[in-house]
Amino acid sequence: MSRLDRSRYAALYGPTVGDRIRLADTDLFIEVTEDRSRGPAGTGTGDEAVFGGGKVIRESMGQSLATRAEGAPDLVITGAVVLDHWGVVKADVGIRDGRIVALGKAGNPDTMDGVHPELVMGPGTEIIAGNGKILTAGAVDCHVHLICPQQVPEALGAGITTLIGGGTGPAEGTKATTVTPGSWNLARMLSALDDWPVNVVLLGKGNTVSDESMWEQLRAGAAGFKLHEDWGTTPAAIDACLRVADAAGVQVALHSDTLNEAGFVEDTLAAIAGRAIHAYHTEGAGGGHAPDIITVAAAGNVLPSSTNPTRPHTVNTLDEHLDMLMVCHHLNPSVPEDLAFAESRIRPSTIAAEDILHDLGAISMIGSDSQAMGRIGEVVLRTWQTAHVMKLRRGSLAGDDRADNTRARRYIAKYTICPAVAHGLDAEIGSVEPGKLADLVLYDPAFFGVRPSLVLKGGFIAWAAMGDANASIPTPQPVLPRPMWGAARGPAAASSLIFVAPAAIEDGLPGRLGLATPVVPVADVRRRGKADLPENTATPDIRVDPDTFTVTVDGEAIEADPVSELPMTQRYFLF
């Protein structure tokens, strides 16, 4: 029997069990723990599905006679290393009707052993070569200010396929508060987003004690609420909003009271009263009770997230935040009270603790805060920069030895499955699993987390790193992230989802607005807690000294030690 050494096999088919892959230029490595592309127990080793001249996927060889009507997949991604919250495996990934059908071995069972019954390729099957590449779920940005439509291509180019947030454009309310308020604005924004290849979750305004005003927004397409201090996040407003959310089954995102005008963090937790809530920028630089909002990450009912400008803590983090705050919250640096408000939110001690809490899995999600103290194109990148810094500082996590699979699974969950679970989207998106929408991102390992090779939306290529369109082949420079056919109006809508409250479906919203994008209800999230967020369930004791702002986690004081150098930076970007 002919044999291949490990390096030759990897060159032909991609890495297999026991091979390690470096993530971009970080110090993080993942190791393949299972190779499903070789069939059960390796029964198909030697005839792995590979496309090209003289290769396997040809008529009566790797390609069978199966028609689409007989179940052949529409698309197979061959030999990709799937990195998800549940593991690191190599597999052929089959897609049909825009959804993942199986992870296994693709091929022709008439000529090949170990072919998965859902991955029998026929003449109607398209192929993407994932060999040697990393495949992840599309990112879910859980904190988006919809300030301008140009954010969408930036997001897609960074591997983001779902946007959770709100806004109406560059209005002062939107620039500050992630809210699409009222039925008229919701209808306009749903119509505007109908043509884009992204899934959408709009948040209505929760800062009111009027139940009917909140129900009106739910019937009009809001899939949850945002409570923001700029609209007045009082204990009464928190309680009223959560009462309606409990009845409607939707999530509430919280930006609490930085100035402690209506109460302190203890009062906010008392108003929440053990109910599920998504705490935005839990560290506090983005807003929230100063100086100790970070302590809410210890509560099991609080689903905590970060926004990316504080990820990770660097020597530049503090300096850029003051200017960002002034712009985003309509403050005047010549007014002493405005300056004090801004300075109260920027604390090196809590930013340093945020790093540690992410590595422990105590802060569970990362979003952007797009154009409102955050960058929509850097959610994925800054997540992995944080993981890199934490490995350097804290060493390998328990369970990691030759590679960093445990840490990688924890960090990828922060922008995929965890926000999907928090907002009731996980039945549809958030992971690479059969039955879910095929929102997938394919990376060359050297560019992992920096620049995707392909972004699939509902199983159709929407964005790609593409060379000169007038060239004779696809690869000549300049290679730029560009829209593909899946970003065109028809397939963009057909391949995406608009998530709304169940009340909107019951009220006939889809027919009333005439949207091309399928409209689906969010799942009831009111009984969900941090224990439901994969790989990010920790609830350590967190305390903040009110005088020095020193943070202790399970009794250990966290020292601020900002880094001066990061991976995934100048090696990849000119600016």
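In case you wondered, yes, glycine gets a Cβ from its N, Cα and C as well.
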Of the candidates Asp5, Asp369, Asp400, Asp401, the one that Swiss-Prot places in the Ni(2+) 1 site of His143, His145, Lys226:
Asp369
Environment of Lys226, His255, His281, the listed Ni(2+) 2 site - residues of the same chain whose CB lies within 8 A of the CB centroid:
His143, Thr177, Thr178, Leu227, His228, Ala253, Leu254, Ser256, Tyr280, Gly286, Gly287, Gly288
Could you tell me which of these binding-site residues, His143, His228, His255, His281, has the greatest number of Cβ atoms within 10 Å of its own Cβ?
His143
Separation of alpha carbons, His281 (Ni(2+) 2 binding site) and Lys226 (Ni(2+) 1 binding site) (Å):
13
Cβ-centroid neighbours of Ni(2+) 1 site His143, His145, Lys226, Asp369, 8 Å, sequence order:
Val144, Gly165, Gly166, Thr177, Thr178, Ala253, His255, Tyr280, Thr307, Gly367, Ser368, Ser370, Ala372, Gly374
Quick one: give me the count of other CB atoms within 10 A of the CB of His145 (Ni(2+) 1 binding site).
26
Could you state the CA-to-CA distance between His145 (Ni(2+) 1 binding site) and His228 (substrate binding site) to the nearest Å?
12
